[in-house]
Amino acid sequence: MPNNKVGDMWKHFFEKPKKAYNPYMVRLAEYPEYIMYDRSIMDSYKNRWTEYFGNDNPIYLEIGSGSGNFANGMCEKYPERNHMAIEIRFKRLHTSARKAKKIPLENVLFIQRKGEEILNFIGDEEIAGMYINFPEPWDHKPKNRVLQPSTIEMMRKIFRKGGKLFFKTDHDEYFESVLEFMKDIEGFEVVYQTTDLHNDPKNADNVMTEFESLFLHKHNKNINYLEIEKL
């Protein structure tokens, strides 16, 4: 059963109590200004996230934010934007929030939730843009990929007109598969693409993720990048 420190917090993440918990689950509560894990609170902000941030600045969404280097870097670079970063792992969320507080930032929110639940807490046309950086390629189970036609249909609902998806991957086949299925999707257009981001003019605005800076840059692997715009 949960110990006293865990209290009822486990109910936000599990259907029944466990014998042991990740210690970072409890530590999420250390950063209430940066981390949201209560589903009911998230859902209550659907269609009114501008109220949460306290301004009308455009909201950008990131799926799979890791340890927060990209999210925090983007918030520093673009203080006129609000950034919502979705991550499921407790330690990564805690690390992200700790970094944000150290800067400090006022335009970022880290959300403990699965990406497939976005429509539960994001309303129609609330999002100005979305980032998907180096997702799992699922070589043997491509139907599990984060970016696929169903993702574009989700974007159709939550994106405002002109909203963009920014996608980075080191997986060449994944990149080509996205370009291929986009040929059959109406209402969206691939407006920029490169197979070598680090040697492309767009790299001037590139904010690296942990994965990108620690591994790919050292191994000199090409980075595929594209932008998809809602027409």
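Note: Cβ is positioned from N, Cα and C throughout, glycine not excepted.
According to TrEMBL, the S-adenosyl-L-methionine binding site annotation covers E62, E87. Taking all protein chains in view, 26 other C-beta atoms sit within 10 angstroms of the C-beta of E62 (S-adenosyl-L-methionine binding site).
All protein chains considered, the CB of E212 (substrate binding site) has 21 other CB atoms within 10 Å. The annotation substrate binding site is assigned in TrEMBL to D170, T209, E210, F211, E212.
Taking the mean position of the Cβ atoms of D170, T209, E210, F211, E212 as the substrate site, the remaining same-chain residues with a Cβ inside 8 Å of that point are G66, N133, F134, K168, M208, S213, L214, F215, L216. Under a cutoff of 8 A between CB atoms, and with a sequence separation of 6+ in the same chain, the neighbours of F211 (substrate binding site) are G66, N133, F134. Counting every protein chain shown, the Cβ of E210 (substrate binding site) has 17 other Cβ atoms within 10 Å. You'll find the Cα of T209 (substrate binding site) roughly 12 Å from the Cα of E62 (S-adenosyl-L-methionine binding site).
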